[in-house]
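Taken from TrEMBL, the feature active site, proton donor applies to A:E330. According to TrEMBL, the feature disulfide bond maps to A:C67-A:C111, A:C284-A:C335, A:C512-A:C529. Annotation comment: TrEMBL describes A:32-152 as domain 'Beta-hexosaminidase eukaryotic type N-terminal'. Marked as domain 'Glycoside hydrolase family 20 catalytic' by TrEMBL: A:174-493. Residues or ranges marked as transmembrane segment by TrEMBL: A:12-33.
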Amino acid sequence: MALKMFQAQIKLLRFLFLLIVIYGEVEHVYGVWPMPQQITQSTERYLLNPRVFALSYANDSMAQSGCSVLDVAFKRYFKLIFPDFAHGTGRDKSLRFEPFTLVVSVRTGGCEGYPDEGSNESYNLTVSARQAALRAESVWGALRGLESFSQLVYQDDSSAYFVNKTEIEDYPRFQFRGLLLDTSRHYLPVNSILSTLDAMAYSKFNVFHWHIVDDPSFPYQSSTYPDLSNKGAFHPMTHIYTQSDVRRVIAHARLRGIRVLPEFDSPGHTLSWGKGQPDFLTPCYKGDVPSGSFGPLNPTLSSSYQFMSDLFKEVTSVFHDSHVHLGGDEVDFTCWKSNPKVQAFMAKMGFGSDYTKLESYYMENILNITAALNKISIVWQDVFDYHEHIPKDTVLEIWRGTPAEIRAELGRITLAGHRVLLSAPWYLNHISYGQDWRNAYTVQPQNFSGTEQQKELVIGGEVCMWGEYVDATNLVSRLWPRACAAAERLWSNEKKTSSVERAFPRLKDFRCTLVRRGIQAEPLFFGHCKHEYSGL
Amino acid sequence: MVYTLLFPSSWFYGKRIERSRLSDEVSLWPLPQQFQTSPVAFKLSASRFKIVHAPGSTAGPSCSLLQNAFRRYFKYIFGYVNEQGQPRSRVFDSELRELQVLITSTDPECDAYPSLKTDESCKPSSRVFVVLGLETFSQLVYEDDYGVNNINKTSILDYPRFSHRGILLDTSRHYLPLKVILANLEVMAMNKFNVFHWHIVDDSSFPFLSRTFPNLSQQGAYHPYTHVYTPVDVKSVIEFARMRGIRVIAEFDTPGHTQSWGKGQTDLLTPCYSGSSPSGTFGPVNPILNSTYDFMTSFFKEISSVFADAYIHLGGDEVDFSCWKSNPDIQKFMEQQGFGQDYSKLESYYIQRLLDIVSSTKKGYMVWQEVFDNEVKLKGDTVVEVWKMNMVEEELQNVTGAGFTTILSAPWYLDYISYGQDWKNYYKVEPLSFNGTPEQKKLVIGGEACLWGEYVDATNLTPRLWPRASAVAERLWSDENVKDIGSAYSRLEKHRCHMVRRGIPAEPLFVGHCGHEYSGL
């Protein structure tokens, strides 16, 4: 019966969207996704020819030829701007074309650095006859501007390229716009990660949160503790990330202005660690004897802290980012409770039977370890919920709750002066029939009761693609274009992007752009792209 | 309808192995009706193993269908290890060197099309089942720790529980490139599906290029050149399917679901009225004009020659009456015919005339359940497809009670997705759980997994369909007592890795890994 109603609803939806589609085709959109802060476009348009199109550095730019990030970006964006060019479908040479130059000017250098918290991503773009001027504070802003320019260029029916006269003034609403991939529940080949980074750049995401290890497997090949992946990966040779794989991911991300934030989640979610690190997990007891199974990391042994200290020493030198994610979520106390040594430790420390105090004790130690390594920690909200003594600069990430609970948690965390990230509404591994991107789009991250200062402590959010049901076979189509909804929420002005209906034709268009670029982005609803996905 | 796999030449019947033991090494999916296997293993060498026609087989090297299947399965068995080079000189005692394929029926049917009748004829070892047997054989081969292909001593007797095991793809709401369709036929064969229900046109677009009415796709396709199926495309789909023992049943759904037809065929659709003047929009096919039936006659004449199968699917679902009601000419016609205000009578009138037209092409037809529900007079061999989720059992009871054959698709709308392992729900369906006589139950000839296209195109079709449709495959093939979810999970997990290994992006069931992950990115 419920299904019948469901089917009736679908029928109604089919009808409604037919109207929308027709409307969308009448008013053609050559939009930029995510929506720039300020954009004005006129109907005046300029013909572009790849043979007489150039990307160049302005004379006053601090970045000049030799700037690694932008040199590579010029090459990359030339291909994205002229997708046909490689196929040699150039137009008749006898036609005369006005040369067109996109001149890039960057106020500060930093071409060899890594994007990080505080990187300035703002840019201005002016497209006029024969020239477009892109001005940015940093190379990272220039990358965002190049992306916007590439989305402004379109092809008419005769495949000629055009760009309209345009003015853009743009900057992100939130400095942290992340996407989480889980490489533990399923191993993701490096190519899957790299192509996700490509698509992230198209949507102006800037943080790749790499949930690299968890209970099911430990694919990170540690140079300090090679047994972790030797014994804890699904396979010690084929299902691991070597140091050079990790470097490749970081380099690929850097060139796209994307930070790589590694997460080594503890003390829970560590079953796979135990295989390669003896005496690391808590042995669970059944009555007086060990049951043979293991629980969270053993917080009573000093060897645990020594190990974590060594591991994080390695991790923080391999990953460049100023932040590291320490997890701290979903710790199950039953195993700790069963273990007589843990019980003795609790008594010794005066924790009574409050195991959150034990967890708290552990997290404090770990936070001190990373602080000593000059890294700022990000942890899941659980750590805030149970522990009072955490450093002020620790960032909390909200991952669960009803909308009302999330608003309350945002209020509490920011009231305590912590910066906060929102990911609860963007668990994209949860799927359902229909256009669920609409829910992701209408999230209001700063809609909670609190002062202006509190609101500013919301530094952004993350799309999470947990791996229970996701691997290389379905990752891309499940992620895109659904993640784009969150991308616009995190980049654009909320008032200007409040209408889902106005977003629909733009996102439909952007999805076809992604498909054209080889990203296997799934359809929003029935319809077609001029260039359909041609892989399998 | 039986194929048997027996090897090697010296027989050894070990004890029937436990399920867990089997799943350590191989995964048979769908599970055969009878099999016996032993721990004795034989090695297979890529340089020496051959698939050949057995002495006394009625098929020989001139049977291109089998020759192609031999090559295909040889590649599936050895394709991955070829490069590593096998030792040529050493011959193991325990080596399996030959698979002999014996066709015993007098006519191997190498050039025929598979049909419902093929299945019902119960000819042992007809060629369709040889293809299926090769699939089973290839699933028995497993790689040991040294990367060597092994096969255990096994004997299998197998046949399908249901003769109609279909997959519906919708190429109207999104156009599906030819190679996506072909790839899915390939996966269908791996899962022993035998009917491709091609929902080729609908409201959204008309990608079928008709020679008689080229304007239909010229005007009604998303794009007249890049988003159409030419006669050559259609032919290649049918031939590709034939090679794999798969029937292609085309659906041309009328009178509803025809918005795209109207673009290239004037006066075919009913003009809707707003008050006393046409509103500019159109409704279902106009059932009151003779020109409509002239059009359908020519059109289905073409369709019946393009599609070789003995059946055509005529749709007949979800007809919205509001436009018919608004149109004064239709109202007048209703009056003349004495239909009163019962528009389902008008629908029946249309369908009746359409069925007569199609009958004259010597084709049988399939229809969605509404046609039966509206009491249209149907030919005895009509197949009624039950798709509505409410009152499924009553519907099956009624349809079979009236003596019609039926197929079930209601519980298998795979376009409805949800978080988690929904394949279990598809697996648990028992098509014959309705109240009815044994004769009635026999009229349920199978079912179909439907992947409607609202949210599906080439980007996500394959991982969305597989391995979820594999659950339906086993339900339709294997014995009804094969229903243990735990055993199914471990076999299906391996079967999905099997598909991944063959280059098919079948999505994971849950946490875990395959020895060879999908690398086709």
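Residue 1 is the first one shown; counting continues down the chain.
Each Cβ is built from the backbone N, Cα and C atoms, and glycine gets one as well.
Annotations in TrEMBL come from automatic prediction, not curation.
Shown here: features listed in TrEMBL, placed on the structure.
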residue : record                    : contacts (Cβ under 8 Å, 6+ apart)
A:C67   : disulfide bond            : A:Y57, A:V106, A:G109, A:C111, A:V139
A:C284  : disulfide bond            : A:P290, A:S291, A:S293, A:F294, A:G295, A:T334, A:C335, A:S338, A:N339
A:E330  : active site, proton donor : A:G268, A:H269, A:W380, A:D382
A:C512  : disulfide bond            : A:C529, A:K530, A:H531
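Classification of A:C111 (disulfide bond) by DSSP places it in coil, neither helical nor stranded. Counting residues of the domain 'Beta-hexosaminidase eukaryotic type N-terminal' (A:32-152) by DSSP class, helix then strand then coil, yields 34 helix, 35 strand, 52 coil. Mean pLDDT across the domain 'Glycoside hydrolase family 20 catalytic' (A:174-493) comes to 97 in this model. It is A:C111, among the disulfide-bonded residues A:C111, A:C335, A:C529, whose Cβ has the fewest other Cβ atoms within 10 Å in the structure shown. Under the DSSP three-state reduction, A:C529 (disulfide bond) is assigned to coil, being neither helix nor strand. A helical conformation is recorded for A:C512 (disulfide bond) in the three-state DSSP classification.
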